Every structure is written in structure tokens, then in C-alpha cells.
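Undergrad: Before anything else, here's the structure in question.
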Amino acid sequence: MLHPEDCAWQNYRLPTGILPQAYRLTLEAILVEGYNASGYLEIDIYSAEPTQCIVLHAMGMTIDSATAVFADGSQYEGTLLLDNAMQSNDQLAIYLEQPPVYARQAFPCFDEPWMKATFQLTLLLEEEEVALFNTQLANDTRIDPASGLRIWEFEPTPVMSTYIVAWAIGNLTSITQTVPGSLPGQENRTVSVWSSPDIIQNYQWALQSASAILPNYEALFDYPYFLPKLDIVAIPDFAFVAMENWGLLYYDIHRIDIAPGTSPLSYRYFLVADTIAHEMSHLWCGDLVSMFWWNDLWLNEASATLWEFYGASFAQPEFDGFSSFFYSTATTLPLVSDIGTATHPVIDPSSSDAENDTEVSAIFDNVEYRKGGSVLRMLWNYMTSDDYKSSKLPPDYQTAHSQDEDNATLAALEGDPFIDGYRAWLRSPVDKWMETWLYRDGYPILNVQSSPNGTVYASQRIGLAVEVTTLQGEDDFIAANVNQSGYYRVQYSDDLWRAAARAAALPDSRISQADLAGLLSDSYTLLPFPGAVNITVWLDLLGALGSRARLEYQPWSIADQQINQVHHVLRELCGNAFDSFLADEVTGGFSELPLNGSTLSGVNDRAAVESVLDIASMGGNAGLISSATILLNESYYGSVLLDTDYDMGVLSLAVSSGKATPYNIAANLYEQATDTDQKHGYLVILAGTPTASFTEDAMVVVLQLNVTLADMQEVFNTYAGASPLGRDIAWDYFTSNLNTILEKGGGDIEASFGPLISGIGSQFTDPDGAQKVRELWSSIQVRLHEFLDIPQLSAFAHSTRTSCNVMATLIQD
């Protein structure tokens, strides 16, 4: 006799002898508090060998009964009754939130990517609700006479993984566009965006982008999207930002909306198209072609990271999206994240041994997304478009990657036209090359040195195969990694750094904006490494950026992020020299720039202006501050409309004047803001005030008992990070109000003080400041090692002290 303990299963992964073939799920969802659903589930399974146990996933639900029906001639009714709690919010009643191991929380299933099957859904809902699923309706909806609920029956899905099963239920309305079929005889497809009725008008661009991207992706991948519809759902406060469910894409409402009145040239259009394009690329890279297990996540996310930039350009060619790839990856994948003990290979063998959901979720990081995409881009740059287009997807492409776990990566390489195209071009196997990059961690640093006879030498320590592309010109400069197409940093000898900076500053410089962005990124990233780069090299390159006086969004955006990170340190160490350098040498060429957008004609120009204005605000560019202050008053108290691309820059410049009126305007906007990101943006602007009394007033306000601990800590830390003035005031108010802060934290010393010791204390750059932090630490008698990070900027500060006079010299010259 078989006992339950005989089927006990201790492994995290399921046994491989039983596979699902088809799911038929019926749910009755009455939208009351808790959003519980009850239903029936039938699963057709195949067993490769005799077994007495069927092991599958089910979590957080009540299973009332389970019956097995055998194909031996006997007929037994088999049903499974379950209770299920799904995700919900105020605007969208129910949606299924899947990745990476959550399908088991919605219905019993074989919840591993390779265990593909078809899924058929029937929903019983209240009359006023709208339901969406991966597929379209099989029949018109009808009323169930027994329950009075409306029945929604959907077509079976293609064979697919559990993590992309999705539905959405709620008060939804849509806008729709028809996209012609890409093959002879293929019917038209409908692309729709769904949201709550009150905001549906904000998604016209999302619809237009998706409709343009779909046929272009079909041409790029040389394989059709064969579902008759593609639904996009805008979800409030969606935890995953976006999700690639086959036929039913999820996006957070704020990632794909365009507010009324936004300029048609706004960079916001590119950001929305890029977000749409990332998930749509998964319709091929992930939904159609699937990984065996999560350790091959790069097949999904590295590919999508690469193709999203093409997709954004398909939506509007002016975006030239692919050229922004380096900027995007360089600012989200710093060198330090791919060195040392914390990093891992793109394909990490240890990931296949994940023993719980947390370890699986940890696989989703920037190494998989950004490094993986960068490696594929590097490979793509060695190919020609004809090589790529000459590769064809095999007929069994949909299931080719789900057959053999031991050879899953090899199967992917063999079936991927990207790799096939590279093989055809190179006329040699690419396996070894791919293994080198995907199975090893590390961010290569290419050392480029010159010799007296003019010979240039390149070397690296890691030993990864790289294609070194160079641009040479007059003045003995050489730029390696042209267009930043390779995944490696370049460390030049000092003479080559200086020559490159001089060449970059020329009006007719051959150094492109991508390569100037690369020079800025490499020099700044290597600063913390002893002896690698002198800080004056980075300053020379910033000066070259200003000398060009061009609106080039890649180098300006990178410079803006870098300056934001170290501005308060350099201001403290160098007095007014760094601010003057930013105002005169870096942004001086834009002092007369009109702030109404009238002189700008392109998306990329407008994207650069945002960074120019931010740097000008930090440096105190008098011309722009004066213009911004006047324009802000005219828009806030008059009839002038601020361009949505410039409104934050104008506000920041005006607040940096130190005057009360712009500060009060910013404070009002902060109080009125409901979006978290927008609210934080206003707070950062407020923290940039040079007026001490305004900062003190802010400290007093957030110490009131009606302000939460988290909000108070955010305000203190934001002001502390903005300037030495803000840091000192925040520290004084912090140390003078320990009891009040502890009361806000409910007596929890670690939660109350830890983030503030870290956030404010890490802004000190000298021994005296560090001593203040240690004395406070001792006085409250608690050890907060994990929060305290005083040395964060100390190495940078030490290397900077002797360089401050350089900026004064640059300004005088």
C-alpha cells in the first residue's frame, strides 16, 4: 500500500520523468476583498516510465481533491478544486504576477521553464468586468444560468512555459490598431493597449510604437508573430516594471504613458518606445525560444537588452536608438559590479543548483541583462546585416531549447541565427569564443601604451578575446574601442589620454560623441584604482566636452551622472574652483541657450539639454540661472508654458539662485506630487539650494511626528548628499534630535539611526568628519557595520586634494 510519505520530494527541481502536455483551468473570480478565486484544473500529462507518484508545484492554495484519469480504457472524471489569491490594486482588479517561480501560486503546475505545455482558460466573472488572457476569446461571452456570472472562454495557447501565463481582469478599456500580416495569406493582427478609462488617452504612443515594432521584429528575426492579437496592459504600481507574457504584455503605467502636452520631440518618447521594445523582443527571445532553466536567463534578457535599442528605432528612426546602447549600459553596469567576489559569469553553473526561490530570483541582475547584452552587441558588431539575414530559424525553433539540460547552451548556440550568422562570417566555430565570454566573469581592462618610436602596444590581464578597433588622428591621439562596441575598458598611458582630450576639444574633432562618452566613462571609472588615471585627465575631458559646445546626449548624460556623484566632494575640497570650472569651462558655451526649446530640432538635442542644465545648476552658471528664474516666474504665475523636457532643469537652475520664490515653488510642487519618482526629483532640486535657512526649515518640518521615519531619512540624506552645507546641517539636526528620531523608529536603534549614519556620514571627506561619525557611533553604543561606509569617497578625495589648482588654471587659461 502506498503511503503519502512514499512520495515525499525534497529536491527543489521536479523529477524529469513526467511532463505536462495541456492545462485546462476554470476560475470563478468574484471581486470582493481579498480577490480569492475558486476553480477546477485538468492537466494532461505524459509519463516516460511507470510511476506511483506525480510531483508538481502548488503554493498558497487549498486543494480539496485530486483525481488521476488513466488512458487504459477506463473513464473516470478527474477534477482539482483550488482556492487562489491573486494580485490586485485599486484600478486593475486582478492580474497574474508570474516571474520567475510564481505560477505555482496561481494554480498547480509544473513550474519550470522547460516543462512547456498549452494552457486553456475559462473565467466566470461579474457582469461589468473585462477579462484578458494570452490568447483571444474562443466564443462570445455568455451568462452562466447557475451562477449568473459571465463566462469567458479563451483559445488554447501555443506550447509555452508557465511563467508567461497571464490574465488581467478589471474595469478596462482599450485603444486598438491593426497590423497587416507579415506572410502571404496571414490575417491582420490587432495590437491593443488597455488601461482604466480615465487615462487611456495617455497610451497612444505606446500603441503606435508597438504597432511599428511588431512587423520590423518579424523581419529582423525572420519569423512571424503568429498570434492574432497582442494586448498591452498598463498596471498601476506593477512590481516588475514590465513582463513579457505571450500575447499579453504587462507594463507599469508610468513606464509607457505620455502626459498630455508633452512636446512631440521629447526624449520621453524614446524611453517609452525602448520599454515597449524590450518586452516585445521577448515574444521571440524567451516566449518562443525558451531557456531550459534560469541559469540560462541570458538567452532571454541579454537578447532583449540588445534588441530593445533596435526596436525603439523602429518606432521612430530619428531616435537612432542603437547608438545609445553604450550610454545605457555604462551607467548601469559599473566596472566594480563585474570584478571581485560579488560578480559571476553570464552563464553561472552554480545557478543550476538554486535551492530556493530567493536564489532563483537573485539570478536577475545587471550581469545577465547589461553584460550579457553588451557581449551580444560586441558579437553583432563583428557581423554584417547580410550574414544575419542569411540565417533562418529552423521549423522546430520553438522547442529546440527544451530538450537536453546538459547541452542547453550548445542547443541555443546551434539554433540561434545570431550565432549561425557569426559562424558563416567567421567560417569557424564560435563555441570557444562564446564560452570565454559567457562562462567567465570579469570586465577586461585594455592597457594601451605608446613608445618613443611611435609604436602603440595593447595588453590585458584577464585574457579574454577582444576585437580592438582604433581611431587614429593628428596630435598623436589614438582612441581604442571605436563606437564603444566592445565590452572592455581602456586605460591609456598619460600622453595618450592628454592627446585624446586635445583632439576631442577640436571643433572638427573626429572623436564621435560615443567615443567621447567612452573616454569620460573609462577615465572616471578607473579613478579609484591607484595609479590608473590622474583626475586631471577626467577634468581635461570635461573641458573638451565644454569646448565642443555641442548638444551630444551621450557624453553629456555620462558627465552629468559623474559630476552628481562627486560634486559635493570637489566643492568642499576645492572651494569655488570646481563650481567655476563647471560654470565657465563646461557649460559656458550654453549660457545663452533658450530654455523654451525653440532652437532645438531633434530628440537627441533635447535629451542633452537636460544634462547641460543640471550641470549648469551645480556650477552656478549665472546666465542660465537668470533666464531660468525669469521663465519659472512667468510660467508659475503667468501664462507661459514650460516645455516638459526642461521643466525640471529650469526649476533646478532657479532654486540654485538661492532665492525664496523658486524654492517655495519647488516646495509646493513637491507637496502636490503623487508619483514617487517625481516627488524624489523635486526633493533633489530642493536640496540643491545654497540658502542655509531653507535647509534648516526642511529639517524642522520632517522632524515633526506626523512625518514617517522613512520620509524623514530620505529628506536628511538627500540634503546631505547635495552639498557640504546640506551635509553639515543635516548632521547637526540628526545628532541634536536622536530621541525624536528613535521615537519615529519605534525604539529600533538600527532602523532609526543606521540609514542616517550611512547616508550623512558617508558624505564626510576628511578625518575630522570621519571622527564625528565614530564618536556618534560610540555614543549610541550600537554596532552598525553594515550601514557605515565612511571610506566610500575617501580614496577619491585623497587623489583630488592636489588637483584643485588645476581647475583654477584651466579657468584662467
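Count begins at 1; order follows the chain as displayed.
Positions of Cβ are set from backbone N, Cα and C atoms, glycine also.
Curation does not apply to TrEMBL; its annotations are automatic.
TrEMBL lists Glu279 with the feature active site, proton acceptor. Annotation source TrEMBL lists Zn(2+) binding site at His278, His282, Glu301. For 100-164, the entry in TrEMBL reads domain 'Aminopeptidase N-like N-terminal'. The domain 'Peptidase M1 membrane alanine aminopeptidase' annotation in TrEMBL covers 205-390. The feature domain 'ERAP1-like C-terminal' is assigned by TrEMBL to 477-777. Among the features that TrEMBL reports, site 'Transition state stabilizer' is placed at Tyr369.
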Undergrad: For His282 (Zn(2+) binding site), what residues in its own chain, 6 or more apart in sequence, show a Cβ-Cβ distance under 8 Å?
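TA: Counting only residues 6 or more apart in sequence, the Cβ neighbours of His282 (Zn(2+) binding site) under 8 Å are Glu244, Asn300, Ala304.
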Undergrad: Just how many other Cβ atoms lie inside 10 Å of the Cβ on Glu279 (active site, proton acceptor)?
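TA: A count of 25.
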Undergrad: Out of His278, Glu279, Glu301, the recorded positions in the record, which is closest to Tyr369 (site 'Transition state stabilizer') when you go by Cα distance?
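TA: It is Glu301, whose Cα lies nearest.
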Undergrad: Three-state secondary structure of His282 (Zn(2+) binding site) from DSSP?
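TA: Going by the DSSP assignment, His282 (Zn(2+) binding site) belongs to neither helix nor strand, so it counts as coil.
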Undergrad: Please list residues from the chain of Glu301 (Zn(2+) binding site) whose Cβ is under 8 angstroms from its Cβ, counting only those at least six apart in sequence.
TA: Phe364, Glu368, Tyr369, Gly372, Gly373
Undergrad: Note down the number of other Cβ atoms within 10 Å of the Cβ of His278 (Zn(2+) binding site), including every protein chain shown.
TA: 23
Undergrad: In the domain 'Aminopeptidase N-like N-terminal' (100-164), how many residues does DSSP put in helix, strand and coil?
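TA: Per-class counts: 6 helix, 23 strand, 36 coil.
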Undergrad: Averaged over the domain 'Aminopeptidase N-like N-terminal' (100-164), what pLDDT does the predicted model reach?
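TA: Averaging the confidence scores along the domain 'Aminopeptidase N-like N-terminal' (100-164) gives 90.
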Undergrad: What is the total of other Cβ atoms whose distance to the Cβ of Tyr369 (site 'Transition state stabilizer') is within 10 Å?
TA: 22
Undergrad: According to DSSP, which of helix, strand or coil covers Glu301 (Zn(2+) binding site)?
TA: helix
